[in-house]
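J.: One structure follows; several queries about it will come next.
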Amino acid sequence: MTLAKRIIPCLDVDQGRVVKGVKFLDIRDAGDPVEVAKRYDEQGADEITFLDITASVEGRDTMVRTVERMASQVFVPLTVGGGIREVADIRRMLNAGADKVSINSAAVKRPEFVLEASQRFGAQCIVAAIDAKRVSADGEPGRWEIFTHGGRNRTGIDAVAWAERMADYGAGEILLTSMDADGTKAGYDLALVKAITSAVRVPVIASGGVGNLQHLCDGIVQGGADAVLAASIFHFGEYTVGQAKDFLAVHGICMRR
Amino acid sequence: MTSVAVLDYGMGNLHSVAKALEHVGASRVVISDDVATIRAADRVVLPGQGAMRDCMAAMHEHGIAALVDELVRSKPLLGICVGMQAMLTRSDENGGVDGLGLYTGQVKCFNDVPTIEAQRLKVPHMGWNTVSQQREHALWDGIADGARFYFVHSYYCLPDNPALSVGRCDYGLPFSCAIAHENVFATQFHPEKSAQDGLRLLQNFLRWNP
């Protein structure tokens, strides 16, 4: 038997509620994060990721309480991201019951933060979240750069080189989001996923763009991802995690059933 | 009614394992480094996360290392992840670190295994893998042979005595992912993060009378 590929439902959480993070649709309330996470746990989710999209201080305290409630009821790994800027933020989330934290803009600002975090807490709980956008013209070989602030700020950092650096600095895993694909429901940017999975030895989670179950399959088979993350296809009952696993298993992908 | 002490020596997330033990019926779970509190508990969990050198240094600093020697002879003890690795003689991590030496054996790195490189397997070994039960044990009760548990580690245990091993996993090479001896049981995987089968193992631990 071999290591199973993972399916990771992602919850975007704002002020203690799950929201659908798609810009061009109305923001829809998708429920209490603990209830939603429990539902995914029961459906067989391999891990659960939630991203705090709140900027306010009150929102952060709400998030810590949400993590605490979730950790008492959900017994698969939990990853928390959004606003992790210093060692104290990591400590707070781990103490609340998170198993991993994902670090994004703080790493772009100061890459050594990932190194320090990994040495302090271990690579197993440090996820480097990378938001990449294609900068090569059509017909050129693919090239992607890291963007921050929801895709507005171009950093000039090459995505593949950045992923390698994050892995060198002790990130135990990479959460890779295509900013071009995110919210389109047209599938992952498979060339991007392939470029990153070929470059690093740590596991890679593909994210951004899932609209159907075939997209999950493509992320693993064509992109080489170790785990696939999706949000909206699960939130509103389009598919259950169990249906996704059945589909991938039929396509020859090793799943935990 | 059973009380459990989760040994706290300042490493990582102990909340998960405490919550899981409460969920499966432990009447009292304390996270503690206080010798008297730990001695008073019915059962003890030795967790471990992060680097082996830091874990061992913290264990010595908090007086856990000496205490474990005593606990091994007195009550059910469950080691998890680095808590299992720490039971062996020595680990290659961080340039070489001595473990507690409860059992002779080495802890090796997946990066040094040629088949891992050849098969382009990712390190850390992260995710859900199958566990073959090598012999019957009270802690396997109600858990199917070959059930999947959640792993996250870059180093694996190589106990000298193969009879210690009660669970085997395969990742580039077969390795021991669970050992048992008298009142000690230890797992490389994280039962507290392994959904229903993991909770069952913890429940079995609470009921175990070795």
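Cβ atoms here come from the backbone N, Cα and C positions, even for glycine.
What TrEMBL says about a protein is an automatic prediction, not a curated fact.
Heads up, here are the entries from TrEMBL:
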- B:Cys81: active site, nucleophile (ACT_SITE)
- B:His190: active site (ACT_SITE)
- B:Glu192: active site (ACT_SITE)
- B:6-206: domain 'Glutamine amidotransferase' (DOMAIN)
J.: How many Å separate the Cα atoms of B:Glu192 (active site) and B:Cys81 (active site, nucleophile)?
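T.: For B:Glu192 (active site) versus B:Cys81 (active site, nucleophile), the Cα atoms are 11 Å apart.
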J.: For B:His190 (active site), which of the three DSSP-derived states applies: helix, strand, or coil?
T.: coil
J.: Cβ distance under 8 Å to B:His190 (active site), same chain, sequence separation 6 or more: which residues?
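T.: Long-range Cβ contacts: B:Ser16, B:Ile80, B:Cys81, B:Phe149, B:Tyr150, B:Phe151, B:Val152, B:Gly198.
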J.: Tell me, roughly as an integer, the mean pLDDT over the domain 'Glutamine amidotransferase' (B:6-206).
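T.: Within the domain 'Glutamine amidotransferase' (B:6-206), the model's average pLDDT equals 94.
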